[in-house]
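Working notes for the structure below.
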């Protein structure tokens, strides 16, 4: 439980104050405490784990698992299983999922207690460079001081300013849905929108994805974005491309009328749920960062150097609030390396996270994975004549006896006469689990010959990566 402050006016002195109890803040606080630092952690929402544990990676993966089971049931007759079509109890799944998340909140709480970290439920804001005021839920406040302060407050979903915008939900609202909507419009084609659209569809909702362009996942390699969009269309996901949402309006029957505009033409489609997945912003409001001179960029994200230091030397920031690789494992790794450097002694004096060759997975249907440069990025960095792309596109053996076929597509990008691997892009069943090991190889500087010198594991999809010519 969060501590009860008996004397709100008493100043408490710490070696480190961490503002934000998400994955990055938790990892940082615990690593610092392991070196003997006296640490305080602040969390405004009253439960620990941040976006990932509560309204992100963890509950999303539970829903993805459910969607994958639904797909397996769909494939079962092709493997000669005779069974009635299953029916999902969305409400009961939500109850079980929420209970699991609550257990994780408790584990995080216990970990802080075991590590002798004080954590406070309240809003923190800067008084000066070493002092944080914590506004507590009961209306009182307490003041904390520290030699160093870390801001790890994360981010939040944002939506457009259009008529009726508040009729839609965002990714947080997805986890509040008590029942499964029959008709869903997902606005946005980043990984969050594509993942949630895939979950909705696999579980039986009629889904339309709205894209401002003709593509999805614009930051990813064509191997992923083109093949995934083709597969989503093949299984029945609808796309409205080159389109923007003009307005939302509630209908008499409770439906939401979504007015789209594309090439100066308006179209109206109806939905039970509209979900914004158009971007995220940093949680910097209310921190009084300007009071201590912490620099922000145009998106209100905290500007940090390669060692996570802000414009104020003893104040640090990491994770989504900085906007660089908004991924949970990145924030955790950055936090641990930062605390190693600050409190771990001489051998960690140069410890920092290198923000390159970071593996990333999209829990789409099927999954996709990427590490390193896209082909376009490799051309820009090395020149067209200095790179080569090895590709393979095939039908996974899983679909060999099924009537419907799903492609798997891989691309390995290399550069130089030694053919050093600078990018790997995977689309297809199992890509999420395949990527991690190849991420290790790329971090170690693997070449294409290193890949080929590994004996293939047969029959697997991954063997294609070590047999490419």
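Cβ coordinates come from backbone N, Cα and C, glycine included.
Taking all protein chains in view, 9 other C-beta atoms sit within 10 angstroms of the C-beta of residue 458 (active site, proton acceptor). Here TrEMBL flags 458 as active site, proton acceptor.
The FAD binding site annotation in TrEMBL covers 61, 124, 320. Counting every protein chain shown, the number of other Cβ atoms lying within 10 Å of the Cβ of residue 124 (FAD binding site) is 27.
Residues annotated as NAD(+) binding site in TrEMBL: 188, 189, 190, 191, 192, 193, 194, 195, 279.
With a cut-off of 8 Å between CB atoms and residues at least 6 apart in sequence, the same chain places 51, 328 near residue 57 (disulfide bond), listed in sequence order. The disulfide bond annotation in TrEMBL covers 52-57.
As annotated by TrEMBL, domain 'FAD/NAD(P)-binding' applies to 14-335.
What TrEMBL records for 358-468 is domain 'Pyridine nucleotide-disulphide oxidoreductase dimerisation'.
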- What's the CA-CA gap between residue 320 (FAD binding site) and residue 190 (NAD(+) binding site) in angstrom, rounded? 16
- Listed in sequence order, the residues of the same chain lying six or more positions from residue 194 (NAD(+) binding site) whose CB sits under 8 Å from its CB are 209, 216, 217, 228, 232, 362, 364
- Message: What whole-number Å value do you get for the CA-CA distance of residue 188 (NAD(+) binding site) and residue 124 (FAD binding site)?
- Response: 32
- Message: Looking only at 61, 124, 320, which the record lists for FAD, tell me the maximum pairwise CA distance in angstrom.
- Response: 31
- Could you measure between residue 279 (NAD(+) binding site) and residue 61 (FAD binding site) for me? Cα positions, answer in whole angstrom. 20
- Message: I'd like the Cβ neighbour count for residue 279 (NAD(+) binding site), meaning other Cβ atoms within 10 Å of its Cβ, all protein chains included.
- Response: 15
